[in-house]
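K.L.:
Sharing the features that TrEMBL gives for it:
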DOMAIN    39-126  domain 'Pyrroline-5-carboxylate reductase catalytic N-terminal'
DOMAIN    270-414  domain 'Ferric oxidoreductase'
TRANSMEM  223-241  transmembrane segment
TRANSMEM  261-289  transmembrane segment
TRANSMEM  314-335  transmembrane segment
TRANSMEM  368-388  transmembrane segment
TRANSMEM  400-421  transmembrane segment
TRANSMEM  441-463  transmembrane segment
């Protein structure tokens, strides 16, 4: 068995240790370390090995680094770390970090006798091509080369920068897996001593999954990003046909200058509005499905389950498009084409001998339209901010649910009113149907209006009461029967099983 490793402060000459002799526990409290100084070995002299040595020394470990060229590499490591030959580095440490690429593992086979019984911590990461090419993870391959060692997979998701700057500047979690419980426990304690949070991923068979983590670039954003891109392309093409192509075909007017700003600014609010409605549509569908089934104990279809899981990403993309729309709108008066339009309007006013132009209805419409837009963007900003983990963790469940659910629905209502005020009576004007295509905003109103109507129906006592009973465990055709109290202060809950 392996004894636990506990870090203490060494006497090495460092400018400023990353963690002092007051160790940071996983709960954030400070704990005094004992006087014993554990030794840790590192095989490798690359960037990650140097950052790892810096972190270990600053956390109170005695570090010895094994390199093929110790004299040349010694100056790159902290002065408190001893850089020597690989044969000497693996002698006394119980825990040895293997900080080298997979293809170099075979070069360590000559050290098999010296490594016997020690803990080897594999920190390597394969490339995407190597991950697909090899069916065996790097850690499992290392374990096959050294069957007498206890191999642990750890630290592969932590960057060299995070090791040097500290866990608060990066992800604190360190996934760990191994087939040897004692070896895993030893590395778990080392991770805590270094200021990180260990996450037990089970046996070494999980190493392939752990090694795939750094290869995934925004895995939860792929579907929402493609959805947003598809909506943008559709609405951009639709607006292009209506605002650019139609005047060119029908009247011979060249309005292709509208493509970079005007058409984009007309497209962005459509995408933001539809994405926001798609955040709350799956909740409506889930509630309707529960009402139809009369139970909450049946799984939703896979497509609906995945849709519910992507609501956060869809909402953030909606906020991104809405923020871009606000910025583009502020840029509209700065365009040279807009200035020409103002001058032409002024000249036309002079030629027609009109001294005062004022449309009371248009003035009020624009004032209300802009005010509702600012309020909707403010609500979306609040939703986006509370989606950040640092903010969400400071809220309890009721507060988070109120912001994301209630205020989110308010944002949808404000966006709907913003769109309706923009449309005003335009939807009923024949001139707005270019190429017989309805105005763009009329297309975006369908789904949000259905959601608002459904939400209103769910507030009816007959439906609301039934839905509440279902979500509290009542089943239409099951064995559980109970009635909700009419007065929570006086009545008691009754149940029949």
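Each position is counted from 1, following the chain as shown.
Backbone N, Cα and C define each Cβ position, glycine as well.
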K.L.:
In the domain 'Ferric oxidoreductase' (270-414), how many residues does DSSP put in helix, strand and coil?
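P.N.:
With helix first, then strand, then coil, the domain 'Ferric oxidoreductase' (270-414) has 121 helix, 0 strand, 24 coil.
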K.L.:
Would you mind listing the long-range same-chain contacts of the transmembrane segment (441-463), meaning Cβ under 8 Å and 6+ residues beyond its ends?
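P.N.:
Non-local partners: 238, 270, 273-274, 276-278, 280-281, 284, 287-288, 291, 409, 412-413, 415-416, 419-420, 422-423, 427.
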K.L.:
If you average pLDDT over the domain 'Pyrroline-5-carboxylate reductase catalytic N-terminal' (39-126), what do you get?
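P.N.:
Averaged over the domain 'Pyrroline-5-carboxylate reductase catalytic N-terminal' (39-126), per-residue pLDDT gives 93.
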K.L.:
Could you tell me how many residues in the domain 'Pyrroline-5-carboxylate reductase catalytic N-terminal' (39-126) are helical, how many are strand and how many are coil under DSSP?
P.N.:
37 helix, 21 strand, 30 coil
